[in-house]
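Features of the protein shown, as given by TrEMBL:
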COMPBIAS  50-67  compositional bias 'Basic and acidic residues'
DOMAIN    117-250  domain 'SLC41A/MgtE integral membrane'
DOMAIN    337-477  domain 'SLC41A/MgtE integral membrane'
REGION    40-67  region 'Disordered'
TRANSMEM  77-98  transmembrane segment
TRANSMEM  104-123  transmembrane segment
TRANSMEM  154-179  transmembrane segment
TRANSMEM  191-219  transmembrane segment
TRANSMEM  275-293  transmembrane segment
TRANSMEM  305-323  transmembrane segment
TRANSMEM  391-414  transmembrane segment
TRANSMEM  426-451  transmembrane segment
TRANSMEM  471-489  transmembrane segment
C-alpha cells in the first residue's frame, strides 16, 4: 500500500472520540505515516519503529477486548453472570404473563396483538440495548467524567429513544394491522385505533421509565470500575420484557373494553381514549426531534439510525406470526418463547457491546485491527482463535446452565410441579444453544462488517441481532415442539 498521510484522519477521529486530544502534542504535525503506522493496539508508531509481529491463533485470544488492562476471566464471568440471572427471572416472568393473558378477550378477538408481543419486546430491547451500548462505549472512552457531558448524553439519548419508539411503534402497528386484516379478511377501524394506541403507549412508556434505570446502572458501573458492557445490556432486558408484555396486555384490554358498544342496540362506541392518546404522543414528537437535533451526541443517529431499527421490526414481526400460529397448536409454547428469545438476545448483546467498544478504542472507522477478518471460521469465534472467543465460551456455558435452570423454574411456576421430561429438556437445550451459537457468530461478522463500512456498530448491529434472536428463537422452539409432537412427547403430556 502506498504511503498515506492519515494524521488528519486520526486527529479527527480522536477528537470525535475524546473531545480533547491534539495530535500536534505527540509530534504528528507534518509527519507522513502509512497504514502500518497504526499498531495492533490502534496507537500511532514512529516511522522508525519495528513493524508489529503477526500473531498466531493461539496468541490472538490473549489480546483483550479492551484498550485498557485486560479483564480477568472470573471478573468478566461474575459481571456477566449476575445481571444475566436477574434478566432470566424477567424473561420467566414475561413468559408467565403471556401464558396468563393469552385467554383475555383482546388476545382472543384481536389476533394482531400476538404479532405485537415479540415486535414490541424486540423494539424496546433494540432501543434500550442500543442506548446501553452507546453509553457504555462513552463510559469506556472516558467521556463520563464530566457531569455536564453526562447530562447532555442522557437527555439526548432518552429523547432519541422516544422519537424512535413513537415512529417504530407506529410502523409495527401498521404491520400488525395488515396481518390482522389478511387473517380476518375484514378491516375493523376500531381495532386499528386500539392497536396503534396500545403499541405507541407501550413502547414510549416502557422505554422512558427503563432508560432512566439504564442510565443509573451505567453511571454507577463506571464509578465503581465495573465494565458497563458486561452489566448494562443484560439489565436492559431484566425487567423490560415482563414490563412490556404487562403494559401491552393491560393497555390493549382496557382499550378493547372501551371501544365495545355500551348501549343495548350496540351503536354507542367510545373512541376518544385511543384518539386522545395518539394525539398527545404525536404532538410531542416534534419536541423530542428538536432536542435530539440540538444534541451533538445524538444528531447523527437521528438521520442515520433508522434502517436497522425499522428492518429489525419486520424481522421480529415474522417471529410474531410464528408465535401467533404456535400458541394455539402447542401448549406451553408461550411460556418458553420469551425465555429463549430473551436469553439469546441478552447474551449476544453483551458480546456485541464488548466488540463495539473494542473497535472504538483500538481502530479507526473503516479500518479493522491487525489480524482481524470480517469472515472468520465459526469455531474460532466460539471456542479458540480470536479475542472474542474467551467471552464467547463463557456465554455459551451460561446459556446452557441458565436455560436449564430457567426451564425448570418456569415449568414449576406454570404447572405447579416439575413436568419436564428428558426428551423435552434435551430438545429445548439444543434449540436454545443453537440459537445462541448462531447469534454469537453473526455478532462477530456484523460488528466488524459495520465497522469496515464506517457505521457505528452500537447503533447498526444490535437491532439486527436482537431481532434475529427473536426470529431464530421462535422458529427453533417451534421446531422443537413440532418434533416432540411427532413422537407424542408434547410438553405437559404427563400432567394429570
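Positions of Cβ are set from backbone N, Cα and C atoms, glycine also.
Those TrEMBL annotations? Automatic predictions, nothing curated.
Here the transmembrane segment (305-323) lies next to the transmembrane segment (471-489) in space: the count of CB pairs under 8 Å, restricted to residues six or more apart, reaches at least 3. Contact counts against the transmembrane segment (275-293), taken as Cβ pairs under 8 Å, peak for 154-179 among the stretches 154-179, 191-219, 391-414, 426-451, 471-489.
Within the same chain, the transmembrane segment (191-219) stays apart from the transmembrane segment (471-489): fewer than three Cβ pairs sit under 8 Å, each pair at least 6 residues apart. Highlighted: of the candidate stretches 77-98, 104-123, 154-179, 391-414, 426-451, 426-451 has the greatest count of Cβ pairs under 8 Å to the transmembrane segment (471-489). When Cβ distances are compared across the two stretches, the transmembrane segment (391-414) makes contact with the transmembrane segment (426-451), since 3 or more pairs at least 6 residues apart fall below 8 angstroms.
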